[in-house]
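Record features, source TrEMBL:
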DOMAIN    3-85  domain 'Pyrroline-5-carboxylate reductase catalytic N-terminal'
DOMAIN    124-248  domain 'DUF2520'
């Protein structure tokens, strides 16, 4: 299978490396930043390009892994390519690719990616969608090369998934950052919280989040909540977040 990867960021890097690992031929890596294209191309034995004039139009699949706002402009250069065109965004509807003539869809890996951290792709849920049934089957075959966890998901469902992922991953990581800053202000190390964070993440692998919820808010321990709010009186922004989340937990239908 011949693949052209459009992009050189976190998602593009992980997908290109994963495709290479399962034996696909990464023909080209396109990036506006020629240096980034060269770096990823070196990792995948591909040809780096930064001009659309150099694009190989005969590949089996074109994977668009760029920022959401750039997907439409990229797709405009892929309207007449031979292979299937997919984007990898959680928040962008499939219709952004509607000008593509030979089949298009979505291959959305539901995971957080950073270039510095390896991800076991076989454990990543892949959400797919396509403009028609024959294209969907092609994308399914491509996706199943990477992971057994392949689901057909509509653009609307994928948008909801993306919002849920922001709550589960992006927001929780931001709370880690706030915790780290609070501890640093009092000469405490964030490492002290890491076993707690790991245990919390492991619990929801076997229990529902509601069943795994602990802490003063779920117990309606007003005395402890008040004490915590008093401790945060010098940081009103943090105090507001604490109060908002505590109120949300107390209202949760378990």
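Just so you know, glycine gets a Cβ as well, placed from its N, Cα and C.
TrEMBL annotations: computationally assigned, not manually curated.
Model confidence over the domain 'Pyrroline-5-carboxylate reductase catalytic N-terminal' (3-85) stands at 97, taken as the mean pLDDT rounded to a whole number. DSSP labels the residues of the domain 'DUF2520' (124-248) in these numbers: 86 helix, 8 strand, 31 coil. In the domain 'Pyrroline-5-carboxylate reductase catalytic N-terminal' (3-85), the DSSP tally of helix, strand and coil residues is 34 helix, 19 strand, 30 coil.
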